[in-house]
Amino acid sequence: MSTAGFNSQNGTGAGQAYANGPSQNPVGLQPGVSYGMTHQPTYNPMQGKGPAPPGTGIHPSGPYQPVHPVSSYQPGPQLSSYPAPSGQSLLTRPLMGGPPSHTPPQFISPGPRLPPPQATPPPPAVSSSSYYPNPRQPQPMAPAWHYNTAPPPMGQPTSMSIPPRGPVPNHVNPAASSTQSSTPYSPAPPAHVSHSVTQPPGPGMPPTSLHGYTQPGPAPPPMTPMAPHTYQSSRAPYGPPPTGPPSTMKPTPPPTGNLMANATPPPPKADGTMAGNGPQAPNSYNHVDNKMAGMPQSGQPGRHLGHYPSLPPGYQNTSAAHNAGPPMHPAIQAATQPYTQAPSTYQQPPGGPGPAQLSPSLAALSLQSSTPEALRVVNLLHERNLLPPSPIPAPTPCLPQDLQKINCNPEVFRSTLTSIPQTQSLLNKAKMPLGLLLHPFKDLSQLPVVTSSTIVRCRSCRTYINPFVSFLDQRRWKCNLCYRVNDVPEEFMYNPVSRSYGEPHKRPEVQNATIEFIAPSEYMLRPPQPAVYLFILDVSHNAVETGYLSVFCQSLLDNINALPGDSRTKVGFITFDSTIHFYNLQEGLSQPQMLIVSDIEDIFLPTPDSLLVNLNECKELVQDLLKSLPNLFEKTMETQSALGSALQAAFKLLSPTGGRMSIFQTQLPNLGVGALQSREDPNQRASAKDIQHLSPATDFYKKLALDCSGQQVAVDLFLLSSQYCDLASLGCISRYSAGSVYYYPSYHHQHNPAQVECFQKDLKRYLTRKIGFEAVMRIRCTKGLSIHTFHGNFFVRSTDLLSLPNVNPDAGFAVQMSIEENLDDMQVVSFQAALLYTSSKGERRIRVHTLCLPVVNSLADIFAGADVQAITGLLACMAVDRSATASLSDARDAMTNAAIDSLTSYRQSVLTIQQPGLLAPACLRLFPLFILALLKQKAFRTGTSTRLDDRLFAMCQLKYQPLVYALLMIHPALYRVDDLTDEGALNVNDRTIPQPRVLQLSVEKLSREAAFLMDAGTVMYLWIGRNCHPNFLTQVLGVPNYAAVPDNLYLLPELDTAESQRTRAFIGWLRDQRPFFPSLHVIRDESQLKPTFMQNMIEDRTESALSYYEFLLHLQQQISK
């Protein structure tokens, strides 16, 4: 699969106004200008390994060239998760042939003006027959799943059946052309920016690199050759896992398709702003990196890579052990160990290893001196019980102990590789993705908060001072990202914690990898906005039938005093069916006043000043409205839904201030702007072929979301429906405005009480959780590394700045990275995420997370540091994008190839003694299992009946959920619960929490004499065996025998028995560890939900999918070719 398939920024795809993937370049390009690039083309694990053309033989062993196909999958249409009508551009500046058809929201930045980007000549076509270059046979480039480089830009989509013509679009790196003086405070490293040009069909040109750069001068020197194994052109292509028995496995033929190109985020305009399509946002925070920097110092910052001067005693980073934290869910506990608490003040005798003495420390930790556990060879075909009895902890980076103690909590900031390769070619050879997974606004039990008039940052790259900088002396510190030497401000010499002077290395900013600053006025463009909440409620006949309105009103009444905010908090309400209803809640009225606007084609606000009111001043009117709303529409027979017009009205209402829009929708919008038609064919739900309609039917919701983002408005969607609602289209409103999507299929207040309970608990969390307004997030990394693709819900305002009108503690993000310049002289690299937001109390705050990882120069070290869970999470995000922009089968093939390629690389380049079998390092032993779990996950499965909205919601979850929660949705946890004991139990708040072992997801682990709990993240199943011990039935379920177990039991009775208390304590503890509320379903053999439970038995064979053992045989067959 191509990188484009795995891109998730604004506007993946040709001709689209925006998409949550990299966007096209908006400017007219000047052909003939070339940018010199030194880094290697990126390994693309999911390339097409197409059939060889006639006459090609075995290619010589040489560097792994990702330009060439690695899989038989030809590209589908251009990769965009949410396509928009073609012909739209991302620019406000006109293209070279005419004005753009649409302009996205503009964001003002006081930043420096940049020179206009330029273009390179078009790249040539390349051979599709092997991994290696074959200049004699230029052909179009096959699809590639680029892990670690910026993708080329998207071209115009073409029909699947028509082969592509002409060369691939270019992309260039404007950062390479801009001078230091033009961007004094540019973030480090510069992000890729793509520029695409339309080229007429023509003959192929000389071979070039993956990126489409025309390399000046002679051909680049070859990379270090791979192990002596040549790929033969006659080799069968990789195919998806077969559905038949292992003996008849044959790979599938490649589908035909067009050339596919990719895109990266749009570059900033010359004034530093992004193109936009709406009124200017009153608060644009591109200036965050330009404020408080002072005048740039003359001269270029020095870059003494890895050669830190020795620190005098007392100027080395010091650390101490962490405090013990409260017990947590095993998965979460594993993810955070050994970082259960934020660091306290660290004391260490002078002379201990610090960042200045990394070379000898890391040399002593070299993985090559002896084989670590992570590299223990495992034959997957022989070792049956690979799943550990307790959740896997995040791997610990191979750093000196004092640095590791203060490193960032992996639940907040986690890398797919905990050892960073020195070069891109080495990363390509490892064939694993390099990326970061973030949970930046996570609720933390300990968070150091610093109030200071001076926030110390690097004057060159604007990095915040952190534990991994080097102090040259009391007055100077060296940035760990760009290596510039900076002065220590006078105010920083005083330590507020110890109340001492002259020890800047003991300040909390240098002792904590996660810290929050209360920002001074320089970080504000306007006064911080108030907390503003607008609720938009569907009151059609269908909505009233579900009964959600009374649950919502009661929940808001119960929690109205817990809404985050201060004395300025505002609220408002809009209801809609075929008309739009506003509510005048102005102080002084005796009761709420309903105002109806029936002209939905030209929506207006009847009384703009009294529809959003101060909550404290008008609380009684708000409460009166909430009490009367459920009865107000009780008798309605109105069946139509004008959601689009209601959203337009809400946008007009919130634009002056910004805030949060909460939509409650129960049916397909069918009236006015944004009207949709049903696209689901129920007969195709179980199709083994490609799934259609994973992309939006209209760009209305996407455009509106971008307008909202420009005005600091986020939109959250609650979908409560028993029928198809086109989540592919409606979800755009939340995706591009940094909102959330909640989905309750078959919601009904009487027929589905489990969903009602789930909705109530989710709503309480939603209304009362912490919230940040008008936020932006920027991720920086050490010079030489580059971030090129983002995943999550946001809008990419500039190449590396994410616009988050709202940020909440339940949102996760992911980024893909590449190595632009060799890291030869470095022992460590660092990554820093900075989130600037306005708290609900009106404070401007900056939360900063910094992660430090070692640099290695051997494949063995790279594999030893692989984080299989993080790799799985990143691949899931990439596959979701690929499904929407190409096809579901492409995504499935790419995930399979990811496992094949990494294990092939390990076998060829790391194993010194070749052995029979399917061999993997211990750290990747679960990789094939997790890939198989993804293939069987609701988002990607085929051949099993899956509603389209259910599939799309699963995709939303994989993209949006933090890693620890997404992993449970990919590979559920199975426990036996009829024999819980206190042995090994945790003690939490005087409650004893049993800790049963995690079982493999196979029917052979089930027993008719027992009861099992399956935790699938958003839902839990308690399966009762037919011959389950009567003691469990009576003591836990309160029924005399198996036949008496109710069909729709979703609550465990509170019985005064030890067994009941243990079971409820364990389930409650699992629920407490996540922000959403998983519903519980008690099921028997006769239950309707039994098939759903059994579908999660990932290791077993189904009619449409292989068993785990068969999947391993398939992988072995492909690797041994």
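The backbone N, Cα and C atoms fix where each Cβ goes, and this holds for glycine too.
Copied from TrEMBL, the annotated features are:
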COMPBIAS  1-11  compositional bias 'Polar residues'
COMPBIAS  71-91  compositional bias 'Polar residues'
COMPBIAS  112-125  compositional bias 'Pro residues'
COMPBIAS  175-185  compositional bias 'Polar residues'
DOMAIN    455-491  domain 'Zinc finger Sec23/Sec24-type'
DOMAIN    528-767  domain 'Sec23/Sec24 trunk'
DOMAIN    772-856  domain 'Sec23/Sec24 beta-sandwich'
DOMAIN    867-966  domain 'Sec23/Sec24 helical'
DOMAIN    993-1067  domain 'Gelsolin-like'
REGION    1-285  region 'Disordered'
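Shown for the domain 'Sec23/Sec24 helical' (867-966): DSSP residue counts in helix, strand and coil, namely 70 helix, 3 strand, 27 coil. Taking H, G and I as helix, E and B as strand and the rest as coil, DSSP gives the domain 'Sec23/Sec24 beta-sandwich' (772-856) the counts 0 helix, 60 strand, 25 coil.
Confidence annotation: the domain 'Sec23/Sec24 trunk' (528-767) carries a mean pLDDT of 94 in the model. Taking DSSP states H, G and I as helix and E and B as strand, the domain 'Zinc finger Sec23/Sec24-type' (455-491) has 2 helix, 12 strand, 23 coil.
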